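To start, the structure itself, in structure tokens.
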């Protein structure tokens, strides 16, 4: 059995009995939504040295690949259904690498639902590269879009902001910080906000997940919706570890507001929405308002505009390159 | 506008008005099959230095990415409908590279149908890497599978075999051959046999496309179907350029039979099938028979078994690595 057959056998259990996967023996899968549902499709890729550190544990790289895509499904209000994987494993990976990577994917399929239905394994001399296509379902016509936020809507976010970016900043600078274990866990295994996304169907006017940083992704939502967002920086929810980091180095507030990899949701709620009911599902914080106009404005606690030297970067690990 | 926005704008025309693509502004697409149809999904990735030469023209790299996936849809009898692309462009690509690559994809969308509905563009320090998810449609329950060939069925192939592998062999050894332009064209822009695949629905007992070489892919079909294939090597259809190459160097017959990248279809027809009617759509040649048993046997014109030193390789450009 060659390397590729070994890997195919590794992925076979991840089909979890899905009949349309044909045991990965067919180079194609069959899928249709249940009657009355639409399929929602998204595709995100991750590259070693850009989206993850080459020395991150392979289990968490598998989990992260799942979660950056699950997070897109969450923002659309979708329920996970199927996944297709293209994998180029690191050329120097030991024999345990691919099994651990597959175990990370398998654990997330158990936790969040859906099945692997196809894919491709290739060789590369370059950095490890993984691309996942994630397919979810929503009741027909209910997918939440980026477009749709209105002046007067509340700007809301889930969870806490900036933890992953603080981990990256710490790792790149090599200085230990308080709460590092929490920050690292948030970077390695972000929490896809699927239950919240599903709860937002029919309520939120627009939503997206935060992969490129709060300011950048909210900016995309504003552009698509044709509105402006005004955020009170003091309201942005922070973990205790992030709050301690900023207390020690106030300049890190910029890392928190513009850093990537949060995989929280930012969304527009009509002012009459029952935020408390949503917060019973997942922590939700109102951080500002949408107004007529364009762009994202940050205000400090005294109400003055807060200037940032940058508005977000593509991905912190490789920012020297991705920002080119 | 940054590099990624420029590229996003480049891909926008490739949505070709598909409403579910939402102008690529939503990080997710919506898709459902027409009533009475199934979606067929496949995903193949290509890496510079493995699946294509880094100096191949970017238009043809875009076309090849499309065609290796279209070829999988063809083998299933599917009609192309939608595509999701993950792209890591070469770090040293000039400003014209991505537009030419996108033009190659766009021309194939025009020629073969379907629309780009989503994707992801990432940076890499390594070789260029492209992953495509292709989605087609078949009438519900009619997808042609690898499993299903029966003893007594005819082994059939479309087109001619071995042209692409001869181009790769020539390029790696640097020796000119007669008909090189034809061989190169077959490698750079293989012809997805979509019309034939659709004609095979309800007729062929099994099919797959030839990406890893005739012997290897027919072997997969045999394994899935639980039968053995006996091929008469002298019946394998050759282009004039391939025939001339083999006449000059008989050892190249092995390259032809086991080399990859043909993207022709190999399929099982019941003996009573009307091969001539199929051949009116696309050239089809009967090259042997399925029998009880397992494996693939090649016979020379005198009926004796033909021994090969290998049964196929993963992908010729990177065979030292992929075959490891």
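Cβ coordinates are placed from backbone N, Cα and C, and glycine is handled just like the others.
Over in TrEMBL, the protein carries these features:
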type    : residues                   : note
BINDING : A:27, A:42, A:72           : Mg(2+) 4 binding site
BINDING : A:27, A:72, A:209          : Mg(2+) 3 binding site
BINDING : A:44, A:120                : Mg(2+) 1 binding site
BINDING : A:44, A:72                 : Mg(2+) 2 binding site
BINDING : A:51, A:261, A:313         : substrate binding site
BINDING : A:119, A:120, A:146, A:211 : ATP binding site
BINDING : A:212                      : Mg(2+) 5 binding site
DOMAIN  : A:25-138                   : domain 'PurM-like N-terminal'
DOMAIN  : A:151-299                  : domain 'PurM-like C-terminal'
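Sequence features, as recorded in TrEMBL, placed on the structure.
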residue: A:42; record: Mg(2+) 4 binding site; Cβ contacts under 8 Å, 6 or more apart: A:69, A:72, A:73, A:76, A:133, A:134, A:136
residue: A:119; record: ATP binding site; Cβ contacts under 8 Å, 6 or more apart: A:11, A:24, A:84, A:85, A:86, A:87
residue: A:120; record: Mg(2+) 1 binding site; Cβ contacts under 8 Å, 6 or more apart: A:85, A:86, A:87
residue: A:146; record: ATP binding site; Cβ contacts under 8 Å, 6 or more apart: A:206, A:207, A:208, A:220, A:221, A:224, A:225
residue: A:209; record: Mg(2+) 3 binding site; Cβ contacts under 8 Å, 6 or more apart: A:71, A:72, A:74, A:75, A:193, A:217, A:263, A:264, A:265, A:266
residue: A:211; record: ATP binding site; Cβ contacts under 8 Å, 6 or more apart: A:44, A:68, A:71, A:217, A:260, A:261, A:262, A:263
Around the Cβ of residue A:27 (Mg(2+) 4 binding site), the count of other Cβ atoms that are within 10 Å = 24
Query = Greatest CA-CA distance (Å) over the residues A:119, A:120, A:146, A:211 that the record ties to ATP?
reply = 31
Where residue A:120 (Mg(2+) 1 binding site) sits in the secondary structure, as DSSP reduces it to three classes = strand
Request  = In three-state terms from DSSP, label residue A:42 (Mg(2+) 4 binding site) for me.
outcome  = strand
Key: Helix, strand and coil totals (DSSP H, G, I; E, B; other) for the domain 'PurM-like N-terminal' (A:25-138)   = 34 helix, 44 strand, 36 coil
Inquiry  = Please report the distance from the Cα of residue A:27 (Mg(2+) 4 binding site) to the Cα of residue A:51 (substrate binding site), rounded to the nearest angstrom.
reply    = 28
Note = All chains considered, the count of other Cβ atoms within 10 Å of the Cβ of residue A:44 (Mg(2+) 1 binding site) is 24
Request  = Over the domain 'PurM-like C-terminal' (A:151-299), work out the mean pLDDT and round it to an integer.
outcome  = 94
